[in-house]
Amino acid sequence: MSQEAVIAASKAYPKPAQTFQYGTAGFRMKADLLPSVVFRVGLLAALRSRYKNGQVIGVMITASHNPPADNGVKLIDPMGEMLESSWEAYGTALANAEDDQAVYDYYTHLEQKFNIKSSVTPQVIYGSDTRESSPALVQALKDALDAVGVKSQAFGAVTTPQLHYLVRCLNTEGTDHAYGKPTLEGYYSKLSTAFNHLMTNRSNGSVTVDCANGVGGPALRELQKHLNPDSITIIVTNDDTETFSKLNSQSGADYVKTNQRLPPSVTAQPLARYASLDGDADRIVYYYVDAKTSTFHLLDGDKIATLAASFIGDLVHHSGITDFSIGVVQTAYANGSSTAYIEKQGLPTVCTPTGVKHLHHAALAYDCGVYFEANGHGTVLFSPSALQRIFTHEPESPAQATAITHLKNITELINQTVGDALSDLLLVEVILAHKAWTPDLWDACYTDLPNRLEKAEVVDRNAFKTTDAERKLTHPAGLQDQIDALVGKYDQARSFVRPSGTENVVRVYAEAATRTQADELAQKVKALLR
Ligand code: 16G
Ligand code: ZN
């Protein structure tokens, strides 16, 4: 790698007058501001790979549920996790370096700081969602990787969780904890094989999936080819990835969760199952309309978490495996009823700040850690020792043998690297089929407290500082006391204010015993921010 090569390549991607920050999910903003950022993220990925002794690092170009004009970029660490947070600051610094020379200087500064050897060949794989801006950003990335001699591999349009899967597979290939075949075919085959086993002699009718006109559409169509058609019919809708302006528009998990209503394109049949993915297919929510009043009912991340935790808990119980800890990790947005329901089942719950990396980390504390954000992002993690026990347990009865077989397949069905809408879809379908539950029966586990999410424009969101997993404000001084005083006036009420990690706004959440109370509380708390 020569100084000339880096500087010459960097020249093609001048930094706009803008300050960048590696946020909750990487860099995310209007796509036209991103070429220099993506180029520099490519340099960071190379360093990260060399720092990790040449293990493969992933770079995903996506802005998830954001509008079509946005894009974003984030790094994936060797085991398929999000980039270690201490490195986010290096990404931020590199993205903000004023000119090409400063980029090179900071790059060599990091090399020295970490004593990164030049003898190691860095390896990076990358992919993108289906946005119009993605190919040009992929080119910026490629130019950076080439300039510093990275051995790279392009995977084209992939879902975010697919890239996480591929990174982990590549880094574990040939070891005793190999995760799977490091190809997209390997991904589809791993999930579908487990699904087809779990659905043997079972049929679950049909589910209609709104793909937000994003990369989840083609991926789901491909996945479906591998599924036993007698077990499930997946009706794929909103899968137009050619009309760029349709991405996440009037569709997708974020639309359904935020508006708490059907996508306009969906005419729902009573008690039929519907699901919506987001633009990069790492989030999923379910919903249905009831038979009596055709009212819309959302089955969000909290409902998926409780479904998964209780199903896995039952399987463990029936398998004869003992001393097996199952915990559920949530954020402040988790509906109060869901937390109460989980605790009533005798399972521990933990609350972490928003953002997958926090939940993921907390979930590692259990043999089986189920984590979901209410917005539908989540997965289930099995610890290495839990996997070992599941795969070596000697059943003492046919019932135990069946439970063990199911558990083994569940661990294969779930994408344990990160929340994966396709894997979660199959997991929910399996559980509903095993329980013979229609969506209303699933929904009846507990009744959500009515809630409202608002956002407020403020002069400086950084003036808002939180504690207690974002459930309380420490700054601005005195504001939390005012919120508490309002909350005290309503039944079963809860409210919190937190600065967004992805937008320049402050979010206000309120829940209470009735719809009127929840709405009123949200408005009054929001009014405190003016
Ligand atoms: C990011 C997070 C998501 C979180 C959201 C909150 C990841 C991969 N994504 O999209 O989990 O729910 O931010 O956004 O961590 P906010 O801070 O703007 O409310
Ligand atoms: Zn997403």
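The backbone N, Cα and C atoms fix where each Cβ goes, glycine too.
Note that TrEMBL annotation is computational and uncurated.
Record check: TrEMBL places Asp278, Asp280, Asp282 at the Mg(2+) site, and the matching candidate among Ser64, Ser495, Ser500 is Ser64.
According to DSSP, the domain 'Alpha-D-phosphohexomutase alpha/beta/alpha' (57-86) comprises 2 helix, 13 strand, 15 coil. Residues Ser64, Asp278, Asp280, Asp282 make up the record's Mg(2+) site, and a Cβ search at 8 Å around their centroid adds Thr62, His65, Asp129, Thr159, Thr160, Gly214, Ala253, Leu277, Gly279, Ala281, Arg283, His377, Ala421 from the same chain. If you check the binding-site residues Asp278, Glu373, Asn375, Pro499, Gly501, Arg507 against Ser64 (active site, phosphoserine intermediate), the ones with a Cα inside 10 Å of its Cα are Asp278. Neighbour counts of Cβ atoms within 10 Å were compared for the recorded positions Ser64, Asn375, and the top value is held by Ser64. Using a Cβ-Cβ cut-off under 8 Å and counting only residues 6 or more beyond its ends in the same chain, the domain 'Alpha-D-phosphohexomutase alpha/beta/alpha' (57-86) has close neighbours at 22, 25-31, 34, 37-38, 41-42, 44-45, 48-49, 122-129, 131-134, 137-138, 141, 158, 160, 163-168, 171-172, 179, 212, 215, 244-249, 252-254, 278-280, 282-283, 356-357, 360, 416-418. Sequence-distant contacts of Gly501 (substrate binding site), defined as residues of its own chain at least six apart whose C-beta falls under 8 angstroms from its C-beta, comprise Gly23, Thr24, Ala25, Thr354, Gly355.
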